[in-house]
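Enquirer: For reference, Swiss-Prot lists these features for the protein:
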type: BINDING; residues: 83, 182; note: heme b b562 binding site
type: BINDING; residues: 97, 196; note: heme b b566 binding site
type: BINDING; residues: 201; note: ubiquinone binding site
type: TRANSMEM; residues: 33-53; note: transmembrane segment
type: TRANSMEM; residues: 77-98; note: transmembrane segment
type: TRANSMEM; residues: 113-133; note: transmembrane segment
type: TRANSMEM; residues: 178-198; note: transmembrane segment
type: TRANSMEM; residues: 226-246; note: transmembrane segment
type: TRANSMEM; residues: 288-308; note: transmembrane segment
type: TRANSMEM; residues: 320-340; note: transmembrane segment
type: TRANSMEM; residues: 347-367; note: transmembrane segment
(Lines of atoms letter the chains of each structure in order from A and count residues from 1; the text may use other names and numbers.)
(Lines give C-alpha, C1' and ligand atoms only; values in the text may rest on other atoms or scores of the structure.)
Protein backbone atom coordinates (compact mmCIF):
# COMPACT_ATOMS: atom_id res chain seq x y z
CA UNK A 1 0.00 0.00 0.00
CA UNK A 2 1.34 3.44 -0.96
CA UNK A 3 1.97 5.88 1.86
CA UNK A 4 -0.89 8.45 2.00
CA UNK A 5 1.55 11.37 1.88
CA UNK A 6 2.79 10.09 -1.48
CA UNK A 7 -0.62 9.33 -2.98
CA UNK A 8 -3.09 11.93 -1.69
CA UNK A 9 -3.13 14.93 -4.12
CA UNK A 10 -2.79 17.58 -1.40
CA UNK A 11 -0.45 15.64 0.90
CA UNK A 12 1.74 14.88 -2.13
CA UNK A 13 2.40 18.61 -2.71
CA UNK A 14 3.36 19.10 0.95
CA UNK A 15 5.47 15.93 0.88
CA UNK A 16 7.40 17.02 -2.22
CA UNK A 17 7.95 20.51 -0.79
CA UNK A 18 8.82 19.86 2.86
CA UNK A 19 9.37 16.14 3.56
CA UNK A 20 10.92 14.13 0.72
CA UNK A 21 12.44 17.20 -0.96
CA UNK A 22 16.00 16.31 -2.06
CA UNK A 23 18.25 18.91 -0.41
CA UNK A 24 22.04 19.45 -0.68
CA UNK A 25 23.75 17.90 2.34
CA UNK A 26 26.08 20.86 2.91
CA UNK A 27 23.75 23.88 3.13
CA UNK A 28 24.63 26.08 6.11
CA UNK A 29 22.61 28.13 8.60
CA UNK A 30 22.42 30.89 5.96
CA UNK A 31 19.76 28.75 4.26
CA UNK A 32 17.53 29.02 7.36
CA UNK A 33 16.28 32.50 6.53
CA UNK A 34 13.82 31.36 3.85
CA UNK A 35 11.80 29.37 6.38
CA UNK A 36 12.19 32.17 8.95
CA UNK A 37 10.67 34.61 6.45
CA UNK A 38 7.71 32.24 6.12
CA UNK A 39 7.34 32.19 9.92
CA UNK A 40 7.59 36.02 10.06
CA UNK A 41 4.86 36.28 7.42
CA UNK A 42 2.56 33.97 9.41
CA UNK A 43 3.22 35.94 12.64
CA UNK A 44 2.49 39.23 10.83
CA UNK A 45 -0.74 37.95 9.26
CA UNK A 46 -2.05 36.54 12.56
CA UNK A 47 -1.12 39.54 14.75
CA UNK A 48 -2.32 41.90 12.00
CA UNK A 49 -5.67 40.13 11.82
CA UNK A 50 -6.25 40.59 15.56
CA UNK A 51 -5.16 44.23 15.37
CA UNK A 52 -7.55 44.85 12.46
CA UNK A 53 -10.44 43.65 14.65
CA UNK A 54 -9.93 46.68 16.93
CA UNK A 55 -8.36 49.29 14.63
CA UNK A 56 -10.40 52.02 12.92
CA UNK A 57 -9.05 53.59 9.72
CA UNK A 58 -10.40 57.08 10.35
CA UNK A 59 -8.18 60.12 10.91
CA UNK A 60 -10.20 61.14 13.97
CA UNK A 61 -10.00 57.76 15.74
CA UNK A 62 -6.98 55.85 14.29
CA UNK A 63 -4.48 57.07 16.92
CA UNK A 64 -7.00 56.52 19.75
CA UNK A 65 -7.86 53.03 18.48
CA UNK A 66 -4.17 52.00 18.64
CA UNK A 67 -3.99 53.43 22.19
CA UNK A 68 -7.19 51.51 23.03
CA UNK A 69 -5.61 48.27 21.70
CA UNK A 70 -2.59 48.76 23.97
CA UNK A 71 -4.54 49.77 27.09
CA UNK A 72 -7.92 48.06 27.02
CA UNK A 73 -7.78 44.99 24.76
CA UNK A 74 -6.70 41.74 26.45
CA UNK A 75 -3.02 41.27 25.56
CA UNK A 76 -3.46 44.00 22.93
CA UNK A 77 -0.09 45.53 23.86
CA UNK A 78 1.80 42.30 23.12
CA UNK A 79 -0.07 41.80 19.82
CA UNK A 80 0.68 45.37 18.75
CA UNK A 81 4.38 45.18 19.68
CA UNK A 82 4.80 41.72 18.15
CA UNK A 83 3.39 43.15 14.91
CA UNK A 84 5.60 46.27 14.99
CA UNK A 85 8.80 44.44 15.96
CA UNK A 86 7.84 41.44 13.81
CA UNK A 87 8.24 43.78 10.83
CA UNK A 88 11.81 44.53 11.95
CA UNK A 89 12.57 40.81 12.31
CA UNK A 90 11.03 40.27 8.86
CA UNK A 91 13.44 42.79 7.31
CA UNK A 92 16.46 41.43 9.21
CA UNK A 93 15.67 37.97 7.80
CA UNK A 94 15.00 39.48 4.35
CA UNK A 95 18.36 41.29 4.23
CA UNK A 96 20.19 38.15 5.43
CA UNK A 97 18.34 36.05 2.82
CA UNK A 98 19.21 38.43 -0.04
CA UNK A 99 22.80 38.78 1.23
CA UNK A 100 23.13 34.98 1.21
CA UNK A 101 21.83 34.94 -2.37
CA UNK A 102 24.41 37.52 -3.48
CA UNK A 103 27.30 35.82 -1.65
CA UNK A 104 26.63 32.26 -2.81
CA UNK A 105 25.43 33.10 -6.33
CA UNK A 106 21.81 32.01 -5.81
CA UNK A 107 20.88 34.71 -8.35
CA UNK A 108 21.83 32.23 -11.09
CA UNK A 109 18.28 30.87 -10.64
CA UNK A 110 16.93 33.95 -12.42
CA UNK A 111 13.20 33.18 -12.16
CA UNK A 112 13.42 32.52 -8.40
CA UNK A 113 15.63 35.61 -7.97
CA UNK A 114 13.33 37.96 -9.91
CA UNK A 115 10.24 36.77 -8.03
CA UNK A 116 12.28 37.43 -4.87
CA UNK A 117 12.94 41.04 -5.97
CA UNK A 118 9.21 41.49 -6.64
CA UNK A 119 8.55 40.06 -3.16
CA UNK A 120 11.00 42.54 -1.65
CA UNK A 121 9.24 45.50 -3.28
CA UNK A 122 5.84 44.19 -2.11
CA UNK A 123 7.07 43.69 1.48
CA UNK A 124 8.55 47.20 1.50
CA UNK A 125 5.27 48.69 0.20
CA UNK A 126 3.31 46.77 2.85
CA UNK A 127 5.63 47.92 5.66
CA UNK A 128 5.46 51.54 4.50
CA UNK A 129 1.65 51.52 4.48
CA UNK A 130 1.57 49.80 7.87
CA UNK A 131 3.74 52.58 9.32
CA UNK A 132 1.13 55.15 8.26
CA UNK A 133 -1.77 53.42 10.07
CA UNK A 134 -1.12 54.49 13.74
CA UNK A 135 -1.53 58.09 12.48
CA UNK A 136 1.23 59.58 14.61
CA UNK A 137 3.41 62.51 13.52
CA UNK A 138 5.95 60.35 11.69
CA UNK A 139 3.14 58.30 10.10
CA UNK A 140 1.53 61.42 8.63
CA UNK A 141 4.70 63.20 7.53
CA UNK A 142 6.32 59.99 6.27
CA UNK A 143 3.25 59.35 4.12
CA UNK A 144 3.27 62.95 2.86
CA UNK A 145 6.98 63.00 1.97
CA UNK A 146 7.22 59.54 0.40
CA UNK A 147 4.01 59.72 -1.67
CA UNK A 148 5.01 63.24 -2.77
CA UNK A 149 8.08 61.73 -4.45
CA UNK A 150 5.80 60.49 -7.23
CA UNK A 151 5.23 64.12 -8.23
CA UNK A 152 8.75 63.97 -9.70
CA UNK A 153 7.41 61.79 -12.54
CA UNK A 154 7.16 64.07 -15.59
CA UNK A 155 3.73 65.18 -16.83
CA UNK A 156 1.53 62.79 -14.79
CA UNK A 157 3.30 63.19 -11.40
CA UNK A 158 1.00 65.71 -9.69
CA UNK A 159 -2.19 63.97 -10.85
CA UNK A 160 -0.78 60.62 -9.71
CA UNK A 161 -0.04 61.93 -6.21
CA UNK A 162 -3.53 63.43 -5.83
CA UNK A 163 -5.03 60.18 -7.12
CA UNK A 164 -3.13 58.17 -4.48
CA UNK A 165 -4.03 60.67 -1.75
CA UNK A 166 -7.70 60.71 -2.76
CA UNK A 167 -7.67 64.49 -2.38
CA UNK A 168 -5.28 67.45 -2.19
CA UNK A 169 -3.42 66.22 0.89
CA UNK A 170 -2.87 63.09 3.00
CA UNK A 171 -6.21 62.72 4.76
CA UNK A 172 -9.02 60.29 5.64
CA UNK A 173 -9.23 58.82 2.11
CA UNK A 174 -5.46 58.12 2.15
CA UNK A 175 -5.59 56.38 5.53
CA UNK A 176 -8.58 54.22 4.55
CA UNK A 177 -7.02 53.02 1.29
CA UNK A 178 -3.65 52.42 2.95
CA UNK A 179 -5.40 50.21 5.52
CA UNK A 180 -7.18 48.30 2.73
CA UNK A 181 -3.90 47.76 0.85
CA UNK A 182 -2.00 46.91 4.02
CA UNK A 183 -4.59 44.23 4.78
CA UNK A 184 -4.62 42.61 1.31
CA UNK A 185 -0.90 42.76 0.43
CA UNK A 186 0.31 40.06 2.89
CA UNK A 187 -1.97 37.57 1.12
CA UNK A 188 -0.47 38.62 -2.23
CA UNK A 189 2.98 38.16 -0.62
CA UNK A 190 1.92 34.62 0.43
CA UNK A 191 0.97 33.82 -3.18
CA UNK A 192 4.23 35.25 -4.52
CA UNK A 193 6.16 33.26 -1.89
CA UNK A 194 4.44 30.07 -3.14
CA UNK A 195 5.51 30.94 -6.72
CA UNK A 196 9.03 31.69 -5.41
CA UNK A 197 9.15 28.17 -3.88
CA UNK A 198 7.67 26.64 -7.03
CA UNK A 199 10.49 28.05 -9.16
CA UNK A 200 13.09 27.06 -6.53
CA UNK A 201 11.89 23.44 -6.48
CA UNK A 202 12.19 23.31 -10.29
CA UNK A 203 15.96 23.70 -9.99
CA UNK A 204 16.64 22.54 -6.43
CA UNK A 205 18.53 24.54 -3.81
CA UNK A 206 21.94 26.07 -4.34
CA UNK A 207 24.69 25.23 -1.81
CA UNK A 208 27.74 27.04 -0.35
CA UNK A 209 30.20 25.59 -2.87
CA UNK A 210 28.03 26.69 -5.80
CA UNK A 211 28.52 23.39 -7.68
CA UNK A 212 25.88 20.82 -8.68
CA UNK A 213 24.95 18.59 -5.75
CA UNK A 214 22.63 16.04 -7.40
CA UNK A 215 24.96 13.19 -6.41
CA UNK A 216 24.83 14.13 -2.73
CA UNK A 217 21.32 14.99 -1.54
CA UNK A 218 19.41 14.12 1.61
CA UNK A 219 15.67 14.32 2.44
CA UNK A 220 14.51 17.65 3.87
CA UNK A 221 12.80 15.88 6.80
CA UNK A 222 14.12 15.21 9.44
CA UNK A 223 17.53 16.86 8.78
CA UNK A 224 16.46 20.36 7.79
CA UNK A 225 13.12 20.46 9.61
CA UNK A 226 15.09 20.13 12.87
CA UNK A 227 17.56 22.77 11.68
CA UNK A 228 14.70 25.13 10.77
CA UNK A 229 13.05 24.59 14.17
CA UNK A 230 16.29 25.71 15.86
CA UNK A 231 16.28 28.86 13.70
CA UNK A 232 12.61 29.42 14.54
CA UNK A 233 13.27 29.16 18.30
CA UNK A 234 16.13 31.67 18.04
CA UNK A 235 13.93 34.05 16.00
CA UNK A 236 11.11 33.87 18.56
CA UNK A 237 13.64 34.35 21.40
CA UNK A 238 15.03 37.55 19.82
CA UNK A 239 11.54 38.83 18.92
CA UNK A 240 10.18 38.23 22.43
CA UNK A 241 13.25 39.81 24.07
CA UNK A 242 12.61 42.87 21.91
CA UNK A 243 8.84 42.92 22.57
CA UNK A 244 9.03 42.32 26.33
CA UNK A 245 12.10 44.39 27.26
CA UNK A 246 12.38 47.28 24.78
CA UNK A 247 9.37 47.33 22.43
CA UNK A 248 10.02 50.94 21.33
CA UNK A 249 13.74 50.51 20.68
CA UNK A 250 13.36 50.51 16.89
CA UNK A 251 10.42 52.93 16.70
CA UNK A 252 10.35 56.73 16.55
CA UNK A 253 9.24 58.72 19.64
CA UNK A 254 7.51 61.23 17.30
CA UNK A 255 4.97 58.57 16.43
CA UNK A 256 3.54 58.81 19.96
CA UNK A 257 2.38 62.34 19.08
CA UNK A 258 -0.95 62.36 17.17
CA UNK A 259 -0.65 63.49 13.53
CA UNK A 260 -0.69 67.26 13.16
CA UNK A 261 -0.60 68.71 9.61
CA UNK A 262 0.34 72.15 11.05
CA UNK A 263 3.49 71.00 12.84
CA UNK A 264 6.38 69.41 10.94
CA UNK A 265 8.78 67.17 12.95
CA UNK A 266 12.43 68.39 12.88
CA UNK A 267 13.69 65.21 11.19
CA UNK A 268 11.32 63.22 8.99
CA UNK A 269 12.65 59.69 8.60
CA UNK A 270 11.16 56.26 7.83
CA UNK A 271 11.63 53.06 9.86
CA UNK A 272 15.24 51.82 10.23
CA UNK A 273 14.93 49.20 7.47
CA UNK A 274 14.29 51.88 4.82
CA UNK A 275 17.06 54.24 5.92
CA UNK A 276 19.65 52.91 3.43
CA UNK A 277 17.31 53.64 0.49
CA UNK A 278 16.28 56.97 2.06
CA UNK A 279 19.95 57.98 2.32
CA UNK A 280 20.46 57.17 -1.39
CA UNK A 281 17.34 59.23 -2.23
CA UNK A 282 18.60 62.24 -0.23
CA UNK A 283 22.13 62.07 -1.62
CA UNK A 284 20.98 63.30 -5.06
CA UNK A 285 20.03 67.02 -5.16
CA UNK A 286 17.60 66.50 -8.08
CA UNK A 287 14.13 65.20 -7.13
CA UNK A 288 13.59 62.92 -10.16
CA UNK A 289 17.19 61.67 -9.94
CA UNK A 290 16.68 60.84 -6.27
CA UNK A 291 13.49 58.89 -6.97
CA UNK A 292 15.21 56.92 -9.77
CA UNK A 293 18.16 56.14 -7.46
CA UNK A 294 15.70 55.01 -4.77
CA UNK A 295 13.98 52.57 -7.16
CA UNK A 296 17.31 51.39 -8.60
CA UNK A 297 18.76 50.73 -5.12
CA UNK A 298 16.62 47.56 -5.07
CA UNK A 299 16.16 47.02 -8.83
CA UNK A 300 19.95 46.77 -9.22
CA UNK A 301 19.63 43.26 -7.74
CA UNK A 302 17.95 42.20 -11.01
CA UNK A 303 21.09 43.21 -12.94
CA UNK A 304 23.48 41.06 -10.84
CA UNK A 305 22.91 37.84 -12.88
CA UNK A 306 23.71 39.75 -16.10
CA UNK A 307 26.95 41.13 -14.66
CA UNK A 308 28.25 37.83 -13.27
CA UNK A 309 31.65 37.42 -14.96
CA UNK A 310 33.28 34.78 -12.73
CA UNK A 311 33.65 31.14 -13.77
CA UNK A 312 32.67 30.20 -10.23
CA UNK A 313 29.13 30.66 -8.99
CA UNK A 314 29.73 31.13 -5.28
CA UNK A 315 32.08 33.60 -3.57
CA UNK A 316 33.30 30.80 -1.28
CA UNK A 317 36.63 30.51 -3.14
CA UNK A 318 36.85 34.10 -4.44
CA UNK A 319 38.75 36.27 -1.91
CA UNK A 320 38.56 39.49 -3.97
CA UNK A 321 34.79 39.25 -4.35
CA UNK A 322 34.47 38.39 -0.66
CA UNK A 323 36.24 41.65 0.23
CA UNK A 324 33.86 43.55 -2.04
CA UNK A 325 30.85 41.81 -0.52
CA UNK A 326 31.82 42.81 3.02
CA UNK A 327 32.61 46.31 1.76
CA UNK A 328 29.02 46.38 0.45
CA UNK A 329 27.70 45.28 3.87
CA UNK A 330 29.73 48.04 5.58
CA UNK A 331 28.47 50.53 2.97
CA UNK A 332 24.83 49.54 3.63
CA UNK A 333 25.36 50.00 7.39
CA UNK A 334 26.89 53.44 6.69
CA UNK A 335 23.91 54.38 4.49
CA UNK A 336 21.50 53.21 7.23
CA UNK A 337 23.29 55.44 9.75
CA UNK A 338 23.34 58.42 7.35
CA UNK A 339 19.60 58.02 6.60
CA UNK A 340 18.84 58.68 10.25
CA UNK A 341 21.02 61.82 10.46
CA UNK A 342 19.95 65.42 9.69
CA UNK A 343 20.70 66.84 6.23
CA UNK A 344 23.84 68.83 7.06
CA UNK A 345 27.62 68.72 6.65
CA UNK A 346 29.40 66.21 6.87
CA UNK A 347 26.48 63.75 6.56
CA UNK A 348 25.54 64.97 3.05
CA UNK A 349 29.04 64.22 1.68
CA UNK A 350 29.31 60.86 3.46
CA UNK A 351 25.88 59.89 2.08
CA UNK A 352 26.87 60.85 -1.47
CA UNK A 353 30.15 58.90 -1.28
CA UNK A 354 28.39 55.85 0.22
CA UNK A 355 25.73 56.00 -2.54
CA UNK A 356 28.36 56.17 -5.30
CA UNK A 357 30.20 53.24 -3.70
CA UNK A 358 26.95 51.22 -3.42
CA UNK A 359 26.24 51.40 -7.16
CA UNK A 360 29.93 51.09 -8.11
CA UNK A 361 30.29 47.78 -6.23
CA UNK A 362 27.41 46.23 -8.19
CA UNK A 363 28.05 47.79 -11.61
CA UNK A 364 31.85 48.02 -11.82
CA UNK A 365 33.86 46.46 -8.99
CA UNK A 366 32.16 43.03 -8.75
CA UNK A 367 32.26 42.28 -12.54
CA UNK A 368 35.91 43.45 -12.68
CA UNK A 369 36.87 41.31 -9.65
CA UNK A 370 35.23 38.30 -11.38
CA UNK A 371 37.41 38.83 -14.48
CA UNK A 372 40.57 39.24 -12.33
CA UNK A 373 39.76 36.03 -10.41
CA UNK A 374 39.28 34.15 -13.71
CA UNK A 375 42.79 35.27 -14.74
CA UNK A 376 44.19 34.19 -11.37
CA UNK A 377 42.75 30.68 -11.92
CA UNK A 378 45.11 30.26 -14.89
CA UNK A 379 48.25 31.02 -12.87
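Glycine residues also receive a Cβ, built from the backbone N, Cα and C atoms like all the rest.
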Enquirer: What same-chain residues lie close to the transmembrane segment (113-133): Cβ under 8 Å, and 6 or more beyond its ends?
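Expert: 55, 57, 62, 66, 87, 90-91, 94, 98, 101, 106-107, 139-140, 142-143, 146, 174-175, 178-179, 181-182, 185-186, 188-189, 192-193, 195-196, 199, 270-271, 273-274, 298-299, 301-302, 304-305.
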Enquirer: Cα of residue 83 (heme b b562 binding site) to Cα of residue 97 (heme b b566 binding site): how many Å, rounded?
Expert: 20
Enquirer: Could you tell me the C-alpha distance between residue 196 (heme b b566 binding site) and residue 182 (heme b b562 binding site) in angstrom, no decimals?
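Expert: Roughly 21 Å, rounded to the nearest whole number.
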Enquirer: Quick one: pull the CA-CA distance for residue 182 (heme b b562 binding site) versus residue 97 (heme b b566 binding site), whole Å only.
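Expert: Just about 23 Å between their Cα atoms.
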Enquirer: Report yes or no: does the transmembrane segment (226-246) come within contact of the transmembrane segment (320-340), defined as 3 or more CB pairs under 8 Å with a sequence separation of 6 or more?
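Expert: Stretch pair does not touch.
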Enquirer: Between the transmembrane segment (347-367) and the transmembrane segment (288-308), do 3 or more CB pairs sit under 8 angstroms, pairs being 6 or more residues apart?
Expert: yes
Enquirer: Here the binding-site residues are 83, 97, 182, 196, 201; which one has the lowest number of other Cβ atoms no more than 10 Å from its Cβ?
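Expert: Candidates: the binding-site residues 83, 97, 182, 196, 201. Fewest Cβ atoms within 10 Å: 201.
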Enquirer: Where residue 97 (heme b b566 binding site) and residue 201 (ubiquinone binding site) are concerned, what is their Cα separation in Å, rounded?
Expert: 17
Enquirer: With a Cβ cut-off under 8 Å, give me the same-chain residues at least six positions beyond the ends of the transmembrane segment (347-367) that come close to it.
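Expert: Sequence-distant neighbours of the transmembrane segment (347-367): 279-280, 282-284, 293, 296-297, 300, 303-304, 307-309, 321, 324, 327-328, 331-332, 334-335, 338-339, 341.
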